[in-house]
Every structure is written in structure tokens, then in C-alpha cells.
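Here is what TrEMBL says about this protein:
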type: DOMAIN; residues: 15-484; note: domain 'Major facilitator superfamily (MFS) profile'
type: TRANSMEM; residues: 12-33; note: transmembrane segment
type: TRANSMEM; residues: 53-74; note: transmembrane segment
type: TRANSMEM; residues: 81-99; note: transmembrane segment
type: TRANSMEM; residues: 105-125; note: transmembrane segment
type: TRANSMEM; residues: 137-156; note: transmembrane segment
type: TRANSMEM; residues: 162-183; note: transmembrane segment
type: TRANSMEM; residues: 303-319; note: transmembrane segment
type: TRANSMEM; residues: 339-358; note: transmembrane segment
type: TRANSMEM; residues: 370-390; note: transmembrane segment
type: TRANSMEM; residues: 396-417; note: transmembrane segment
type: TRANSMEM; residues: 429-451; note: transmembrane segment
type: TRANSMEM; residues: 463-484; note: transmembrane segment
Amino acid sequence: MVFRKPPDGGWGWVIVVVSFFAQFLCYGSPLAVGVLYVEWLDAFGEGKGKTAWVGSLANGIGLLASPVCSICVSSFGARPVAIFSGFMVAGGLMMSSFAPNIYFLYISYGIVVGLGCGLLYTATVTITCHYFDKRRGLALGLISTGSSVGLFIYAALQRELIDLYGLDGCLLIVGALSLNILACGSLMRPLESPDSPPPEKTCVDKVPDQYLVYHEKEKTVEENISILEKGYVDKKCANNMPDHKQDSILNKNVLSSINVNEKDSYKKKVVEQTNFCKQLAKRKWQLYLNYWEETIVLFKNKVFSALFVAILLFDIGGFPPSLLMEDVARSANINEDDYRMPLISIIGIMTAVGKLILGILADFKWVNTLYLYVTTLLMTGMALFAIPFAKSYVTLVMLSGLLGFLTGNWSIFPYVTTKTVGIERLTHAYGILMFFAGLGNSLGPPIVGWFYDWTQEYDTAFYFSGCCVLLGGLLLLLAALPCWNACTNQSTKLPPNTYSYKVASSA
């Protein structure tokens with residue numbers, strides 16, 4: 001497939017709009033799963049830790065499976081993957097309405113919907129990057145707000161649907177709405193030249209064909225030579241033999257020579273192809289070793305190792321409020337008349353605001369993005385410590401808004417990663433960090449729920465969450481202080497043909 005130059009506009013803006021709505025429809029319910037979490041507690045009567053696994057799987061499995069999602073998009077294209085993800089998300093939500101127990105939800109809502117979200121996210125980001133180059137940062141920022149807006153609207157929508165149609169009806173309606181992802185995916189036209197010739201095979205793909213053609217020609221030449229030689233030798237005895245005997249002997253010689261040459265040619269072909277397979281296997285093994293060597297080199301960077309610990313602890317401690325805040329409000333016995341807006345909706349809209357503001361701050365030259373990210377971690381830890389002291393709706397609203405704003409630090413995380421490891425290792429490093437972010441998303445809510453089942457209160461759980469986030473922030477700060485200048489010097493010594501930090505961060 002031959003791609004044209006990114007137009008930075010035109011049909012690309014259609015891609016931005018449909019990607020925005022695709023993420024809105026896909027991530028709305030999983031991010032606002034806290035509303036469903038309260039209903040599942042009452043419906044199945046399971047512990048909070050066991051029930052929290054449903055939402056944590058839905059939000060973490062997509063990040064854990066990000067390498068597989070990337071392979072699918074690379075192999076089949078963004079449009080087919082987006083359409084298929086729409087079927088997965090809609091089917092998983094509809095199947096969840098018939099769940100007889102919490103274990104069924106682990107599969108239908110946690111794994112099926114989670115994988116669908118991961119596939120759609122990769123497809124939308126990939127197709128947007130194909131259409132935009134200079135405005136890529138703006139385009140990616142616009143489509144990423146779709147999930148935050150979805151969290152804001154779906155939190156109130158699911159709550160209203162549960163009041164009108166019950167939990168099962170809510171999941172059926174939300175699943176039907178998710179089918180609109182198919183329409184969005186069908187508009188994700190790939191950016192390729194319609195009159196472009198088919199791509200040539202790579203050198204690796206050409207080798208077997210070259211061997212085959214060569215050996216076929218070699219076999220034909222050898223057969224013709226052997227036939228002519230046999231015919232010439234046997235011609236001397238032609239006058240002393242009857243015609244039918246001469247013909248039979250000549251046919252036998254021809255057949256025997258053909259069989260011998262075919263066997264030799266086949267043996268040569270097998271040997272050559274065996275050697276080729278050995279060389280290919282050695283090359284793949286060397287690539288595998290290089291990958292792990294690069295991974296070891298990454299972890300030798302103190303800042304990257306601290307960043308890996310920080311993102312893991314941040315997702316373990318910082319993600320549960322978006323899932324459990326509704327149950328926290330119910331446990332605080334807040335009057336329903338004062339409960340004007342779901343707390344998850346407040347978290348969602350403030351996350352969108354945080355992404356925009358923190359992203360703008362990161363563009364200023366005088367702002368150190370690593371220290372900015374550390375500041376958000378430390379403030380998140382202190383906000384988590386304050387949740388047990390919140391006993392009114394107004395206080396919970398303020399803390400929810402603050403946590404949502406600080407969670408918007410996801411928009412500056414690529415900046416921090418680029419500044420830490422450099423543009424040439426960004427893809428490798430970011431994939432590793434996203435895997436552990438998904439692991440933290442999957443483990444955080446169940447751990448907090450188990451703390452509640454153990455103590456019958458959320459105070460200890462949120463103290464634990466706050467400690468995790470604060471510990472990650474402090475470790476990252478300590479690792480950055482002595483090494484930050486070295487990392488900056490390394491990033492400034494890039495080869496002349498590499499992109500600068502500003503270009504990389506916008507990508």
C-alpha cells in the first residue's frame with residue numbers, strides 16, 4: 001500500500017469528527033462504569049473487590065493488549081478494525097444485559113468490551129496520524145477528548161436509563177447506540193493512491209521465488225543436455241538393433257536421466273531453502289535479542305525506571321476514584337436531593353479541561369514537562385488523602401473536579417517519555433509504559449474494593465491509593481533531580497536527521 005502525503009485537512013477533518021464520535025460511543029460506558037458498578041453490587045451481591053474487576057478489566061485490557069491491537073491495524077487497516085471493534089463493543093454490552101452472574105460479566109463486559117475499546121483506540125489514532133502531519137497534535141487532541149465527553153454524558157445517561165428501563169434495558173440501549181461505531185468506521189477511508197502500482201516484494205520475499213526460478217531453469221537445461229547425450233551415444237548401435245528395441249532403450253535412457261536430474265535438482269532446492277530458512281531464523285532471533293537489549297538499555301536510565309514505577313502506581317491509586325466515587329457518595333449517606341450531577345460526569349468534563357490546559361502548558365519553553373507531571377502526581381496523592389474527610393456533596397464535587405483535572409496529565413505523558421528516552425526510542429518505551437499502565441488500571445479498583453471488604457470503609461482504601469501515587473511521584477522526582485541535565489544533554493545531541501523534541505511531542 002502506497003500512501004500519499006498527509007493532506008493536513010480535507011477528508012482528514014472528517015476522520016477527526018468520526019474518530020471523536022467513535023471514541024465517544026466506545027469509551028462512554030466503560031469509563032462511566034461506576035454507575036453500573038453500584039447496580040451490579042445490588043444485583044449480584046458480591047464483594048466490592050470482586051465486582052470492581054469488571055470495570056477494571058474493561059479499562060485495562062485494551063492497554064494490556066495494545067501490541068496485539070497494533071498488529072491487527074497494521075495487517076488489516078484501520079477501517080476494518082474499527083468496524084470489527086464496533087461489533088465487539090456493541091455485542092459485549094448487549095450480552096452483559098443477560099449476565100447471570102459476575103463471572104459472565106468478566107468475559108462479556110471486561111474482556112470483549114475492553115478488547116473492542118483497545119482496537120478502536122489504535123485504529124482511530126493510526127488513521128488520524130496518516131491524514132495529519134503538521135497539525136497532528138491538534139487532531140489527536142481533538143479525538144482524545146471524545147472519551148472524556150463520553151464519560152461526562154454517559155454517566156448521566158446510564159443513570160437515567162437505569163431509572164427508566166432497569167439495568168438490563170440500560171445495557172441493551174447503550175449497546176445499540178454503540179452500533180453507530182460501524183458508521184463511523186465505514187467513513188475511515190484509507191489514505192492511499194488509487195492508481196499506485198502493487199508494491200514490490202521485499203528481498204526476503206523474493207528469495208524463495210528466485211531460488212525456484214533458478215532451479216527450474218537449471219533442471220530444464222540439464223535434462224535437455226542429458227537427453228541429447230544419451231541419444232547421441234545410443235545412435236551408434238542403431239544399425240545393429242531393431243527399431244522397436246532402439247525406441248524402448250532410448251525411452252528408458254531418457255526417463256532415467258530425467259529422474260536422476262529431478263532428484264538432484266530437488267535435493268539442491270531443499271538444501272538451498274533449508275539454508276535460507278536458517279538464515280531467516282537467525283535474523284529473527286537477532287531482532288528478538290536486539291529488542292531485549294534495547295529494553296535493558298531503557299531500564300538502565302534511572303528516570304525511565306522511575307517513570308515506569310510512577311505510571312504503574314499512579315494507575316493503581318489514581319484510577320479507582322473514577323470507578324468508585326458513586327459508591328463513595330452512597331456510603332457517605334448524601335441526600336439524593338443534593339445529588340444534582342453524577343460525580344463521574346464531573347470527573348469526565350474536568351479531565352477534558354485538564355488535557356487541554358496541561359497540554360498548552362507543556363508547549364511553553366519555560367515549563368519543564370517532567371516537573372509538571374511530577375506536580376500532578378503529588379497533587380493527586382494529596383487529593384486522594386482528602387477523600388475520607390469529604391462528608392458532603394459539595395466537597396466531593398470539588399475533589400472529583402480536582403482529580404479529573406489532574407488525570408488530564410495523560411496529555412503530557414508522551415512529552416515526558418520523549419524527553420526521557422529521546423525520539424528514536426519513543427515507540428519502544430511508550431509501548432512498555434502503556435502495558436504497565438493497563439496493568440495498574442486492572443489492579444487498582446479490585447485492590448481498593450478488597451480494602452473495603454476487609455475494613456468495611458473506604459478510608460483505608462483511599463489512604464492506600466494516596467500512598468501509591470505519592471510514592472510514585474516522589475521516586476520520579478528523586479530520579480529526575482540528579483539526572484535531568486544528563487537526559488537533556490543527550491536529547492540535544494541527536495543526529496542532524498532526527499526530529500526535534502517539539503516535533504516529536506506533538507506527534
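Count begins at 1; order follows the chain as displayed.
Any Cβ shown, glycine's included, is placed from N, Cα and C.
Caution: TrEMBL annotation is automatic and unverified by curators.
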Does the chain bring the transmembrane segment (339-358) near the transmembrane segment (396-417), so that three or more CB pairs sit under 8 Å (pairs 6 or more apart in sequence)?
yes
So are the transmembrane segment (303-319) and the transmembrane segment (370-390) touching or not, going by 3+ C-beta pairs under 8 A with a sequence gap of 6 or more?
yes
So are the transmembrane segment (12-33) and the transmembrane segment (105-125) touching or not, going by 3+ C-beta pairs under 8 A with a sequence gap of 6 or more?
yes
Other parts of the chain folded back onto the transmembrane segment (81-99), taken as Cβ under 8 Å at six or more residues beyond its ends
22, 25-26, 29, 69, 72-73, 105, 108-109, 111-113, 115-117, 119-120, 122-124, 127, 167-172, 174-176, 178-182, 184-186, 188
Distant-in-sequence neighbours of the transmembrane segment (53-74), which means Cβ under 8 A and at least six residues beyond its ends:
30-31, 33-34, 36-37, 40, 81, 102, 105-106, 109-111, 113-115, 117-119, 121-123, 126, 319, 323, 431, 434-435, 437-446
With the cut-off at Cβ under 8 Å and a gap of six or more residues from its ends, the chain residues touching the transmembrane segment (463-484) are 301-303, 305-307, 309-314, 316-318, 320-321, 368, 370-371, 373-374, 377-378, 380-385, 388, 444, 447-448, 451
